[in-house]
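**Q** Below is one structure. I have some questions about it.
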Amino acid sequence: MNNEKFLLWTLAAINFIHIVDFMILMPLGPQLMRIFEISPREFGLLVSCYTFSAGTSSFFGAFILDRFDRKKILVWVYVGFAIATLGCALSPSYPVLLAARVVSGIFGGLTSALILAIIGDVIPDSRRGRAMGLVMAAFSVASVLGVPLGLFLASLSDWHTPFFILTGLSVLSLGMIVRFIPTIRDHLRNDVIRPSPLVVIRRVTSDSNQMRAITLSVMMMFGQFMIIPFLSPYTVANVGFTELQLTYIYMAGGAFTIFTSPWVGKLSDKYGKQKIFIIFMLLNVVPIAIITHLGVTPIPFVLMVSTMFFVTSNGRYVPAAAIVTGTAKPENRGSFLSFNSAVQQLATGVASLLAGIIIGENAAGELTNFNVVGYIAIAFSLLCIPLAMRIKVVS
């Protein structure tokens, strides 16, 4: 059990760095839009290029992940991720940063799929919800520590600093992978026939249960990532926050979710993953509706709404991740999760890009049509509920 704890904490650390690397760009939006003189559409492309490349790498990764020891492939993937993050830190302009984010996304997409595959291989279903809650608590830690600290350091120096720090942390996490993650080869049994890429695609797309799980992932991404990339720019331009005050949003949201994430995992194991998912999905609609209609608003009220947004967003993801992971058997789990991660990342990119197209900017520098984006996000969120009820866990 101690070995299991060390493994989960290592995966949580990896997930923390990966999430901060992805998340930090969004609250840096106001600064990047000002420094590079880019429009909301160009900023949307900067966010979505990461997820598009992550989706592409996950797609190709689906054909190789199940052919290797999980530990060995994770080490190589994370070395690439560390190098790509250093490239972001050294970027001098918008085009160079855009290219560096593409490379970061390639390795980031594979990292996400590998984390879920390792949990699925090592942790039994009876404890998988709790394990997922612990690892996904990295989102909360990233919110309460990583992103606010990155924003604070960026405000003291410049936007390059957070990426230099992430590069150093990535190198340290490689040591944790080598030390605490065991060789995982059970999925490499001799009696398991390795399918061709076309067979992998056909197997996933012909399984109606797995396709429902993938569709759920897509719709959840549209329900969130039409909002998240522009939350910081909107809060600065329309709500009246300063760039430094954005740290309050992430600190407050993360401080609550760091405790609620493991709690949601336990609730999922006790009362059922689908039931808890539905409850948090319904709760999540409330802050989306409020936050996309805010004008100049007192800080305490904004923090209350944004914290509810983070808590409920994380609360719906924990049981959903366990549901999706459980739709594949161990010998095919890596392929399925990588395929799912690919589609999920592509959906995230499309959602961010679509939001960037819908959102405009008026003469006063305020963002427009954020309320329209909110309506679309709510529609996708509500459609997730009947879909989740039809998904069956098989392993």
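Here the Cβ of each residue, glycine as well, is placed from N, Cα and C on the backbone.
Pasting the relevant annotations from TrEMBL:
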DOMAIN    7-392  domain 'Major facilitator superfamily (MFS) profile'
TRANSMEM  7-25  transmembrane segment
TRANSMEM  45-66  transmembrane segment
TRANSMEM  73-92  transmembrane segment
TRANSMEM  98-119  transmembrane segment
TRANSMEM  131-153  transmembrane segment
TRANSMEM  159-181  transmembrane segment
TRANSMEM  213-234  transmembrane segment
TRANSMEM  246-264  transmembrane segment
TRANSMEM  276-295  transmembrane segment
TRANSMEM  336-360  transmembrane segment
TRANSMEM  372-389  transmembrane segment
**Q** Report the listed stretch (131-153, 159-181, 213-234, 246-264, 276-295) having the maximum count of Cβ pairs within less than 8 Å of the transmembrane segment (98-119).
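**A** Ranking 131-153, 159-181, 213-234, 246-264, 276-295 by Cβ pairs under 8 Å to the transmembrane segment (98-119) puts 131-153 first.
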**Q** Is the transmembrane segment (213-234) close to the transmembrane segment (159-181), in the sense of at least 3 CB pairs under 8 angstroms with a sequence gap of 6 or more?
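**A** As far as Cβ distances go (cut-off 8 Å, pairs 6 or more apart), the transmembrane segment (159-181) and the transmembrane segment (213-234) do not touch.
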**Q** Which one, 45-66, 73-92, 372-389, has the most C-beta pairs under 8 Å toward the transmembrane segment (213-234)?
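**A** Looking only at 45-66, 73-92, 372-389, the most contacts with the transmembrane segment (213-234) come from 372-389.
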**Q** Is the transmembrane segment (7-25) packed against any residues at least 6 beyond its ends, judged by a Cβ distance under 8 Å, and which are they?
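**A** Answer is 32, 46-47, 50, 74, 78, 81, 85, 88, 101, 104, 108, 111-112, 115, 118-119, 122-123, 131, 134-139, 141-143, 146-147, 150-151, 162-163, 166, 169-170, 173, 176-177, 179-182.
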**Q** For the domain 'Major facilitator superfamily (MFS) profile' (7-392), what's the model's average pLDDT?
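**A** Over the domain 'Major facilitator superfamily (MFS) profile' (7-392), the predicted model scores a mean pLDDT of 86.
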**Q** If you count every Cβ pair below 8 Å, which range out of 131-153, 336-360, 372-389 shares the most with the transmembrane segment (45-66)?
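**A** Of the candidates 131-153, 336-360, 372-389, 336-360 scores highest.
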**Q** Other than its close neighbours in sequence, what residues sit by the transmembrane segment (246-264), given a CB gap under 8 Å and a spacing of at least six beyond its ends?
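**A** Long-range Cβ neighbours of the transmembrane segment (246-264): 27, 30, 130, 133-134, 136-137, 139-145, 147-148, 151-152, 231-232, 235-236, 276, 280, 299, 302-303, 306-307, 309-311, 314-315, 318-319.
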